[in-house]
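The structure appears below as structure tokens.
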Amino acid sequence: MEVMNKKKVNSSRKMKGGMITMPFIFANEICEKLAVVGFGTNMVIYLTNELHLPLTKAANTLTNFGGTASLTPLIGAFIADTFAGRFWTITVASIIYQIGMIILTLSAILPQLRPPSCKDDEYCKEANSSQLAILYVSLLLTAFGSGGIRPCVVAFGADQFDENDPNQKTQTWKFFNWYYFSMGFSMLVAVTVIVYIQDNIGWGIGFGVPTIAMLISIVAFIFGYPLYRNLDPAGSPFTRLVQVCVAAYKKRKLDMVNDTNLLYQNQELDADISTAGNLVHTKQMKFLDKAAIVTEEDNPKSPNLWRLNTVHRVEELKSIIRMGPIWASGIILITAYAQQHTFSVQQAKTMDRHLINSFEIPAASMTVFTLTTMLCTVAFYDRVFVPIARKFTGLERGISFLSRMGIGFFISVLATLVAGFIEVKRKNVASSYGLVDKPKSIVPISVFWLVPQYCLHGIAEAFMSIGHLEFFYDQAPESMKSTATALFWTSISAGNYLSTFLVTLVHKFTSGPRRTNWLPDNNLNKGRLEYFYWLITILQVVNLIYYLFCARLYTFKPIQMDKTEDLETKKDGIELVNNV
């Protein structure tokens, strides 16, 4: 009778999900990203012009907020994977985010919640502690809301395709491409329409539109509930990882068994965390294998998981550890990318932004070139590059995600290298027109000189970020998909925090009466921003070498599955050796 009930449950799950759910998930993602980017893109202008914060303080506030918003996904992933499930985690987190957006919008509308406005030649009073407190509370709420949305939306969308169905599994990598494409499209609207409203109509309306968009995203997501394929949470993944560590430590003095087939396996115990197949034993990190050695004190039929664990659970921990070095390699790229929303915006603000005599491009809208390039690259990659590459590699995805990430890293190096030379050009023009001591004056050089660095960042993101995200989802243990996606966001968090650390360090050690401050608060014309860009370039070159070394040694997640899928996994490994 139980078997029949399980079959009914499984058949009902198979009837749900698939491409029919994508409009609801993408509608949620488009509106949510419109809200997030509509808030974040122009925020440095809001903080400096409306709250009158110094440039370095405003830049660090944004990168700290971005870092926190990318760190909270660990909490959201834990909640989703442990007991709440992805649907309810996304729903509740979206409501929390909505509250934060309402507070920030009200602070932009009500005059008493921000300092009085001032003209260019007047002293501008900085926002007081209570006004800053309202700002920080709203940003904190949006950060916690992001923590539930970011790790779950991608995993929830991928969940709609059954990994046990060969026809649906091949659509997963396409989902990642088009997920990122829809996200990029909404970001494109945000950096054009929303930023234009903020600069030319008002911050209240400019923040109000994303707030309404967020409300629409919540309604659209909930509306699709009957169609979703909802997977039950498999319990705390962190507890299982700790149990393996404790069990291995308790048995550290035992000799390793010669035959790995003697290690403990229990498919019934692992049934809920291995529906797509059991992980196969690997030779790396043999000290952890001791957690699966059966002793006389152990009861295999009803094991104490703090003393005895299955091979599958040991391999879960190994998979996470193996992903660590690849995870770390993505940090510095985010540090480079973060400058587009801080110093690059300030660069654009000092340049001639007229498209025609009567229309001026908002400084924050320059990221439209990043997004447009990213969208075009994603479409080109999916429609042209993959079919051609597939003929040579035999892989459904064209090239491995590790190869894709490596290409992105290299292009990101070029982006910051070019950015430094363009800043030299901008300052030379400022010097030739006698504008070095006039930070408020517009330097007579077209803002389109910044386009190359923005476009290179867009191409790099299309390769590296999507590849990074695909890597985490594909290589993570089955029961840790949300947690793995959270790792993607924690690399973004670490990248933003590293940016804050570098900006603070450079600002501190290059300032002084006899030094030229690389990153001055009030006058970029007197700074050495190009040195800062080239410092990041050097760090990226070192990081690229580190990544190639890690990718060369990386072992793909081994899983026991049917022959066709097993062959594809082997092909992925061969592709890595040949192309990384």
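Positions of Cβ are set from backbone N, Cα and C atoms, glycine also.
According to TrEMBL, the feature transmembrane segment maps to 21-47 (among others).
Annotation source TrEMBL lists transmembrane segment at 87-111 (among others).
Among the features that TrEMBL reports, transmembrane segment is placed at 132-158 (among others). Residues 21-22, 25, 28-29, 32, 36, 39, 51, 65, 68-77, 79-80, 86-87, 89-90, 92-101, 103-104, 107, 113, 172, 175-176, 179, 228, 469, 473, 481-486, 488-489 of the same chain lie 6 or more positions beyond the ends of the transmembrane segment (132-158) yet place their CB under 8 Å from a CB of it.
Residues or ranges marked as transmembrane segment in TrEMBL: 178-197 (among others).
Here the transmembrane segment (204-228) has Cβ contacts under 8 Å with residues 16-17, 20-21, 23-25, 27-32, 34-36, 38-39, 42, 87, 90-91, 94-95, 97-98, 101-102, 104-105, 108-109, 156, 160, 190, 194-195, 197-198 of the same chain, all six or more residues outside its ends. For 204-228 (among others), the entry in TrEMBL reads transmembrane segment.
Annotation source TrEMBL lists transmembrane segment at 320-338 (among others).
Long-range Cβ contacts of the transmembrane segment (359-381) within its own chain (Cβ-Cβ under 8 Å, at least 6 residues beyond either end) map to 41-42, 44-45, 177-178, 180-181, 184-185, 187-188, 191-192, 195-196, 198-200, 340-341, 344-346, 348-349, 353, 398, 447, 450-451, 454-459, 461-463, 466. Residues or ranges marked as transmembrane segment by TrEMBL: 359-381 (among others).
The transmembrane segment feature in TrEMBL is assigned to 401-422 (among others). Tertiary neighbourhood of the transmembrane segment (401-422): same-chain residues 326, 329-330, 333, 336-337, 339, 344, 449-450, 452-453, 456-457, 459-468, 470-471, 474, 529-531, 533-534, 536-537, 540-541, 543-544, 547-548, 551, 554, 575-576, 579-580, selected by CB-CB distance under 8 Å and a gap of 6+ residues from either end.
According to TrEMBL, the feature transmembrane segment maps to 442-466 (among others).
According to TrEMBL, the transmembrane segment annotation covers 486-510 (among others).
Under the heading transmembrane segment, TrEMBL lists 531-549 (among others).
Sequence-distant contacts of the transmembrane segment (178-197) (same chain, at least 6 residues past either end, Cβ-Cβ under 8 Å): 26, 29-34, 37-38, 41-42, 154, 157, 205-206, 209-210, 362, 364-368, 371-372, 374-375, 378-379, 382, 462, 465-466, 469. Same-chain residues lying 6 or more positions outside the transmembrane segment (442-466) and placing a CB less than 8 Å from one of its CB atoms are 176-177, 180, 330, 333, 336-337, 340, 344, 347-348, 350-353, 361, 363, 366-367, 369-374, 377-378, 381, 404-405, 407-409, 411-412, 414-416, 418-419, 422, 425-426, 429-430, 433, 435, 525. A Cβ distance under 8 Å defines the sequence-distant neighbours of the transmembrane segment (486-510), meaning residues of its chain 6+ beyond its ends; these are 56, 59-60, 63-64, 66-71, 73-74, 76-77, 150-151, 323, 327-328, 330-335, 337-339, 342, 468-469, 472, 476, 516-519, 528, 532, 535-536. Outside the transmembrane segment (21-47) by six or more residues, the chain places 53, 58-59, 61-62, 66, 90, 94, 97, 101, 104, 108, 142, 146, 149, 153, 156-157, 160, 175, 178-179, 182-183, 185-187, 189-191, 194-195, 198-199, 203, 206-207, 209-211, 213-214, 216-218, 220-221, 223-224, 227-229, 341-342, 345-346, 349, 362-365, 367 with a CB less than 8 A from a CB of the stretch. Note on the transmembrane segment (531-549): residues 325-326, 329, 331-333, 335-336, 339, 343, 405-406, 409-410, 412-413, 416-417, 419-420, 423, 502-503, 506, 518-519, 580 of its chain, located 6 or more positions outside it, place their CB under 8 angstroms from a CB of the stretch.
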